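K.L.:
Attaching a single structure in structure tokens format; questions to follow.
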Amino acid sequence: MACENSSPRPTFLLLLCFLLGTASARLSSTFYSTSCPSALHTIKSGVSSAVSSETRMDGSLLRLHFHDCFVNGCDASILLDDTMNFTGEKTADANDNSIHGYEVIDTIKSQLESSCPGVVSCADILAVAARDSVVALGGPSWTVLLGRRDSTTASLSAANSDLPASTLSLSDLITAFSNKGFTAKEMVALSGSHTIGQARCTTFRTRLYNESDINSMYATSLKANCQSSGGDNNLSPLDTMSPTYFDNAYFKNLQTQKGLLHSDQQLFSGGSTDAQVNMYSSNSATFMTDFANAMVKMGNLSPLTGSSGQIRKNCRKVN
């Protein structure tokens, strides 16, 4: 077409080409409606199967999407294995021995490649799987915009610098999320994802044995599975009240100093986010709405679209 011609073009044609390019690069909820009509059903089925066989998988799939989007955008870079050309993100401090669900994504991708080869991106699979895992546990649904493409590289250094650590203070959490365009309110809403999932002993041991703003009975119960040394990978639920149900119990836990991670309890520690925690604790519907809206926003972080990136055939490696 004329837009692909490198010769000089009239101003109106340049404008038309720009508008066409912008439209083609825009995410859409119906992106696969004709190219792969079974895409959403295939992903949902794969998620349901995974969550039913391993309850921890719900939080893992949600976390995969979050840890993908926070590092150079929602481009499935987190799924890439190391190569001779780059060290991927799987061994980043926040991911190593902590992120799970890669095999679930592999299975879903394999099924989609059989029915619609070269069509559905790994980045879109991550985005839809995160939504479906929340819904599977009683959480809110939201419309996932589609059309992301996959990166051809990954960055260990970016993952180590951009992913919020469990040791961050409230001000550092606010800054980390602000750097990605989120308000403090959206940060608190997204933190509510810790109503599901589990954490390793090594991520909360320091809080357990050295911090005072933790419920004593809660701390005692945790120490049985997380001693002062050893057992680094022993797991405890992030939400002690209803760990396999997506609700607002996480915020109720914070009010009684039962936040598992240091960064969790920082949201309710006499600071600027206390009021937001109180609101979500008393109004589940508001939390669900705010969480869903924040997830849509997160899914729109710097996606590769149009002709950028590629549609990987295998999510673990570039084509």
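Using the three backbone atoms N, Cα and C, a Cβ is placed for every residue, glycine included.
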K.L.:
If you pull up TrEMBL, which of Cys36, Cys69 shows a disulphide to Cys74?
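P.N.:
Disulfide mapping in TrEMBL sends Cys74 to Cys69.
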K.L.:
Of the listed cysteines Cys122, Cys201, Cys226, which one does TrEMBL record as disulfide-linked to Cys315?
P.N.:
Cys122
K.L.:
If you look at what TrEMBL says, which of Cys116, Cys226 makes a disulfide link with Cys201?
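P.N.:
When TrEMBL is consulted, Cys201 turns out to be bridged to Cys226.
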K.L.:
Closest to Asp247 (Ca(2+) 2 binding site): which of the recorded positions Arg63, Asp68, Cys74, going by Cα position?
P.N.:
Arg63
K.L.:
Using the Cβ center of Thr195, Asp239, Asp247 as the Ca(2+) 2 site position, which other residues in that chain lie within 8 Å, going by their Cβ?
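P.N.:
Leaving out the recorded residues gives Gly192, His194, Ile196, Met241, Ser242, Pro243, Tyr245, Phe246, Asn248, Ala249, Tyr250.
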K.L.:
Using a Cβ-Cβ cut-off under 8 angstroms and a sequence gap of six or more, which residues of the chain neighbour Cys116 (disulfide bond)?
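P.N.:
Result: Tyr32, Ser35, Cys36, Ser38, Ala39.
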K.L.:
Using a 10 Å cut-off between Cα atoms, which of these recorded positions sit near Cys315 (disulfide bond): Arg63, Val71, Thr195, Cys201, Asp239?
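P.N.:
Cα within 10 Å of Cys315 (disulfide bond): none.
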K.L.:
Using Cα-Cα distances with a 10 Å cut-off, which of the binding-site residues Glu89, Pro164, His194, Thr195, Asp239 are near Cys74 (disulfide bond)?
P.N.:
none
